[in-house]
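A quick write-up on the structure given underneath.
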């Protein structure tokens, strides 16, 4: 059996945010390349020849749909940044506050729709599937907009806002209720002057499995928690097989996902970054296309003149 590229035993699997990659014995293989190209015609040649395309997406794709990113200036909920609340320690200390934060995010998403970037990816996947080619989306986003756009081959490595996990019995279940429990109705306002609701724990979302009734938590990966090893193995298989990789709307500072594309690039596979600005990983990639993904991706993923037509 071949060794995994990103298996937990060889690389970090814990969710964390860093400006520089973690030290590892393999880091020396990710050599800095020549300045990446922004030549769309050259990228389109790679796209036309690719049989297995991996697309790694981050918050920048959904930002164009109006989804808060909780990054940079103005990236606060009340006086907190996401990294202050998206931790197991924060949930243990104040589950009411954390549930208010996620209730706000769930409610925001009800009015958001996929943008042209999401749709370009989904349409490309469907079109290439009919040609016997594969597109897989590996997303760090928890908003389900790729799913809503129609993407089928989807790995949501950080989970989703619309699933819960019981802290007692471990049951994972879809949950699209609005509000998720009566006590959260009208709660979660993001303004800094808003006071915490201080909802009693027994009024927060509870497990409905027979005989359980345990406290529910969002089924997302929090900072300091490990990603699901089974999902990491799926990611590894896809990245080991891909012959073209796109990195779209991601800052390349949240690990372990920030390692994925540089590892693909280290074996000579073309990697194209689509982002508003450069990232710590940009110089490792063959292509970089600045600008909104909703503008660059439709052109990049449009049918190529060499594609079969029905």
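Residue numbers in this text run from 1 along the chain shown.
Quick reminder: no glycine exception, Cβ is built from N, Cα and C everywhere.
Per Swiss-Prot, these features apply:
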TRANSIT   1-36  transit peptide
DOMAIN    37-307  domain 'Deacetylase sirtuin-type'
BINDING   58-77, 140-143, 249-251, 275-277, 293  NAD(+) binding site
BINDING   102, 105  substrate binding site
ACT_SITE  158  active site, proton acceptor
BINDING   166, 169, 207, 212  Zn(2+) binding site
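Annotated Zn(2+) site 166, 169, 207, 212; additional same-chain residues within 8 Å of its Cβ mean position, judged by their own Cβ, are 167, 168, 170, 171, 208, 209, 213, 214, 216. With residue 249 (NAD(+) binding site) as the anchor, the candidate recorded positions are 105, 158, 169, 207, 212, and the one with the nearest CA is 158. Most Cβ neighbours within 10 Å among the binding-site residues 70, 102: this distinction goes to 102. Cβ neighbour count within 10 Å across all protein chains ranks 249 highest among the binding-site residues 66, 249. The average pLDDT computed over the domain 'Deacetylase sirtuin-type' (37-307) stands at 97.
Looking at 166, 207, 212, the binding-site residues in this record, the fewest other C-beta atoms within 10 angstroms of the C-beta turn up around 212. If you draw a 10 Å sphere around the CB of residue 158 (active site, proton acceptor), it holds 21 other CB atoms from the protein chains shown. Residue 166 (Zn(2+) binding site) falls within a strand segment according to DSSP.
Taking every protein chain shown into account, 62, 140 are the binding-site residues, and of these the Cβ with the most other Cβ atoms within 10 Å belongs to 62.
Nearest neighbour of residue 62 (NAD(+) binding site) by Cα distance, taken over the binding-site residues 102, 105, 166, 212: 105.
For residue 169 (Zn(2+) binding site) paired with residue 158 (active site, proton acceptor), the C-alpha to C-alpha distance reads 21 Å. Around residue 58 (NAD(+) binding site), a 10 Å sphere centred on its CB holds 26 further CB atoms from the protein chains shown.
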